[in-house]
Each structure stands twice: as C-alpha cells, then as structure tokens.
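Below is one structure, written out as structure tokens; comments come after it.
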Amino acid sequence: MSNQPDHIIIFDTTLRDGEQSPGASLTVEEKLTIARALARLGVDIIEAGFPYASPGDFEAVQKIAKTVGNESGPRICGLARATKNDIKAAGEALKPAFKSRIHTFIATSDIHLKHKLKKTRQEVLAIVPEMVAYAKTFTDDVEFSPEDAGRSDPEFMYQVLETAIAAGATTVNIPDTVGYTTPSEFGALIKGIKDNVPNIDQAIISVHGHDDLGLAVANFLEALKNGARQLECTINGIGERAGNAALEELVMALHVRRQYFNPFLGRPVDSMEPLTNINTKEIYKTSRLVSNLTGMIVQPNKAIVGANAFAHESGIHQDGVLKNKLTYEIMDAESIGLTNNQIVLGKLSGRNAFRTRLDELGFELSERDLNNAFLRFKEVADKKKEITDWDLEAIVNDEIQQAPELFRLELVQVSCGDHSAPTATVTLRTPEGKELTDAAIGTGPVDAVYKAINRVVNVPNELIEFSVKSVTAGIDAMGEVTIRLRHEGRIYSGYAANTDIITASARAYISALNRLYGAIQEQTKVHPSEPVLTSKN
C-alpha cells in the first residue's frame, strides 16, 4: 500500500473522540443518526467508538457496523488499547461491518511511559508487534497510533512505527494528543517519519490533533504537504478540552485552495478533481445535527458553519457582495448546503408533502417517527403561518432525536408579571407511569419551571448553561433552547424547540434530566470491576 494516494482520506472521530467533550454523551440511537449523516456526508472512515469502554459503546459500534457499515457505506472503525481484551472487544463489535478497521494505540512519550504506563521502551517495542498481529486476526485493516507522538523521542518513535508496519499495520497515525506542536514542527515530524521509517511506503500516514493552541487545522494542512494522507477530525471540531481538528474547516480549505494543494498530491496545479470524497453540500446539515444532539452550540463566528460565516455588516462589504459575491466571499454558501431556495409548508400541507420535503432534506425516519413528526408539524402549523426548512429541522430534532422518554412533560403553566412572583405548575409522567404535579416560585418564569420540575424528579443537579435562539425571523418564530446540567461531575445536555419559549425550556430541561436519569440507571448495570474508560488519544 502506498502512502501517496492522490486524494485525502477523511477519518471522522465525532462518535469517539468528539463524544468525549463534557456533556456530549449520546444514546445509541443518536449515534446511529449521526453515523447515517456521516455516511451521507461521504466520510471514508467512521470511528464509531471504544467497544471495551462500556456495554453502551460496544452496542453502538456493533449497531453502526450492522446498519451503516454496508458494502456502499464507509469503513467502520473501533478503538482499542494495545491489550488483547480491548482488541477482542473491538473485533467482535465490528463483525457485522462489510469493511472494518481496528485502531490500536499505546503511548510512546517518556512522560507517558514513566507516569501512566510504567513501562520501559523495550517493553513497548515488544507489545506493539504482538498486539498489531493480534488485531490482524480480526481484520486486514489495522491502524496503529503512538500516543503523544508530538512529545515522543523521534528515534524511538521511528522504531515503534517500523515495528508496527512490519507486524501488519496498514495505517500509522501520528497524534498531537495535547495540541502542543506548531505547524512547522508538525510538518517536520511527518517528514522525519517519511525519511527515517524504512517501510513507511507500506502504510498510510494519518494525523490526529487537538486544538489546545488553536493550531490543529493548520498543523494538519502542513502535515498533508509533508506526506500525511489521512486526516482524523470531528464535526464542528468537538472533542476533549479545546476540541479536535474541525472536519468542515479541513474539507473546505482543501476545496477552496485546491490549486495550492494539488501539487503536494502529485496532481496538475489546475486539476479540478475534488481532493476528498466529501459531499460538501451536506456539511451545514451535519453540523446542525451534531450540535443539536450533543448540546454543543456552534459559536456564531465559527469558520464555515457559524451563523455569521456568510454575514456582512460593513456597508462597503455589503455593497461589494451585492454586486459580486466573490468580492468578499471566498466560497459560496450553497457549497456547504446553505440555500435561500426554501419550500414553505403550511397548515394545509399534507403528509405526503411533509414526507417528500423531509426526504429532500436528507432525514431518514421510520413510519412511527414520521407519524410523530407529522403530528408535531401540524401542531406548529396551527400556531405559525409558514413552516420553513429550518422549522422542519427543528421539529424533527425536537420530536424524534431525543433521549429515551423516562420522564414526560404533561403540563406546564406559568403566572408572572411586574408585581407578582413568577410561579410555575408542572405535571410530569414518571418512568413508573404515575402523574405527579408540583409548583414553585422562582426569580423568573423559567427558573420557576425548573424548580417545580426538580421538586418532582428529585435528582440533584446544577444548571450550568442555558441558551435560547430563534430558528427563523418573525414574531411567530420557533425558539430553540439548549441547556447543560452537571450531576456528580458529569454534564448532560438537553434540546427542545417550540413557538412557546417557556414550553421549549421545560422540554429541554426534561430532555437533559432523562439523559441524567438514564445514565444513573446504566451505571447500576456496569460491574464495579469494569469501569467506564475514555481514551486520551
């Protein structure tokens, strides 16, 4: 296998490293929804999770392998430490996939060897070939990562990589685990590997990086120029700490600056062939989906997918864009799936028109989910004259893509004014099927609602983030509410949309509490000797 293909492999780790963002934990069904969206986006590889970490992760990887990892779909990958138990779990979870990959790793920096692994360099050199060879018994496609490569001794890392490739690794991934390197350093690191690992031409060079210094995307582009051909990234750049390299930024940099990067891939400068397999028109939709399901809000000035990415306030800029978009826009908003050509539905629109538009927007719903979404659509249409694509997206996200409904909001009623204390009454249906009602006074209507809900649910938590924004313009616009709760050090997110902001706030809170309550139930199923694991790769 050559490490010089003439296109770039996009390896998406949103469901594995991205999910390690505080509060970004997803249910199995939500992971499946995102995996399907990633397949439509055109990613080459989906790192679906860390199968040995928990029963939930194993189930998610297995289901994604079965439903998304078909013959025409992306390759499905599972992460595993360089231990037999981890690798076996990954191999078993990936069995249903038509194309699979095991990604195994072990640290190579002296600080990790001394303080985390408590192993010598010679011990690591013995572990690597044994574990890579073991992974090969489950799949022909094995990726190996020397964790914390950016701080590893280069000569030792060269030895480790040579050993891994000799044992059968088809991809070697170079992670800047703590986001420490600069672009020139990272480029030199990749060049050093190409120049000093004798059998490097038998494997693809991959890169994985974190954005602690805001340099992840720049590092990747420099690595590409020096021989890297696989980029490990996440939607919206989500991930631990400051996040990972953002898929949308990398893909659009390669799309817009194609002529600059062509020569580094052995292509003619003026070649118009895409450098990746990504369908860029799916970028914005996928970004919104991941944001809604994880509760990780996209900042307005975020490159490519932020709300202001294609907005112009300066009069000079506005005048230029009106005359010719290219004066101040280096890419067309339609290239990432943003369009003003929206079909407007109303209360007289039928089920067939509703289904057809959802299909056109890329939503794949079961008959049951479609029926629920259509009922919600009719409810909103009675309150709102025109239903746009953005409204449809909010309706689907709110009604279908929610945490398991353990607690259900049956009623919320608020009384407030300038000279009265805000008071809320709520009725919830509990997991046991009982209807419980309680009331509370708060500093405002939302505070009163949340206090009343807490009196019913009785699970201690701390509200650490509350965000509300309109889906469209107009006084009858739907409002989206995203919240984050903290409970015993873990963060849980909730999302809801409604033309009534108080109702949306209550539903978002219930959504987060359902995740929290579900996690508590799940923890009781995990044996104390099998703690939940996360990777720092």
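Including glycine, each Cβ sits where the backbone N, Cα and C put it.
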Further Mn(2+) ligand in Swiss-Prot, beside His208, His210, Asn244, within candidate set Asp17, Asp44, Asp418, Asp438: Asp17
DSSP-derived class (H/G/I helix, E/B strand, else coil) of His208 (Mn(2+) binding site): strand
For Asn244 (Mn(2+) binding site), the three-state class that DSSP assigns: strand
Number of helical, extended and coil residues in the region 'Regulatory domain' (408-537), per DSSP: 36 helix, 54 strand, 40 coil
Conformational class of Asp17 (Mn(2+) binding site) under the three-state DSSP mapping: coil
